[in-house]
Amino acid sequence: MSKTTKAKVPESAGVISATVFLITVFLFIPVPFFNYLTEASIFPHSDFVELLAALLSICCMLLLGFADDVLDLKWRDKLLLPTLASLPLLVVYYVTFNNTTIIVPKPFRFVLGNDLWLGPLYYIYMGMLAVFCTNAINILAGINGLEAGQSAVIAASIIIFNLIELFDPREYFETLKNSPEIPFDASKKPAQGVLKARLSLPSSTPISSAKKRVRASDVFGSNDSHLFRKKRPSASDFF
């Protein structure tokens, strides 16, 4: 596009970079779970299943992209197939957590309250998000420098995020960079991860006594202390 000549270019070369990414992720699967393998602790099977489901969804997206380059799929197929590819993550999330209550940002709490239950809308939104992320760049893929530019922005964001998290003493946030299902974690673990964050403190130690830790009220407000229990969040935690 926007060139004087129409030289042929390999459209399916993206499968190479995607394959390298998948192989790298496969090799580093044990990293987030290494402590559970070496210590006498309960293995987080649900987290492991989520990781595998995320990889399955990525593989489905890779197959979709390769098929589009080779077969030139129609737009109705490009809308349907990403939705199907997101099903492994959505089904695993429904089976393991099924928590669709989100924490409302402070500026909007006077209208919506401290938390908001989305119900089935959460799964509809996530399915639509998968379709959007898959096709947002693909629509304009012929514009010179677009794909390389967005790859550079994403890579820079990941590098900056990792450099910041290397100096964060909270283990949970440090392991987020190894999780390809971050969008699902953002709403899944408001109580399990944020500021509980594997503090490794005795159960009788209040959060406010942990030096150099952010207080729960600084993020969610003083009325949300019930979210920081040593158990997975359930519907009863929010109502």
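Quick reminder: no glycine exception, Cβ is built from N, Cα and C everywhere.
Bear in mind that TrEMBL entries carry predicted annotations, made automatically and left uncurated.
TrEMBL has this to say about the protein:
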- 12-36: transmembrane segment (TRANSMEM)
- 48-67: transmembrane segment (TRANSMEM)
- 79-97: transmembrane segment (TRANSMEM)
- 117-141: transmembrane segment (TRANSMEM)
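Here the transmembrane segment (48-67) has Cβ contacts under 8 Å with residues 12, 14-15, 18-19, 21-22, 25-26, 29, 32-33, 73, 78, 81-82, 84-89, 91-93, 96, 130, 134, 138, 179-181, 184 of the same chain, all six or more residues outside its ends. Long-range contacts of the transmembrane segment (117-141) within its own chain (CB-CB distance under 8 A, at least 6 residues past either end) are made by residues 57, 61, 64-65, 68, 78-79, 82-83, 85-86, 89-90, 94, 100-102, 147, 150, 183-184, 187, 238.
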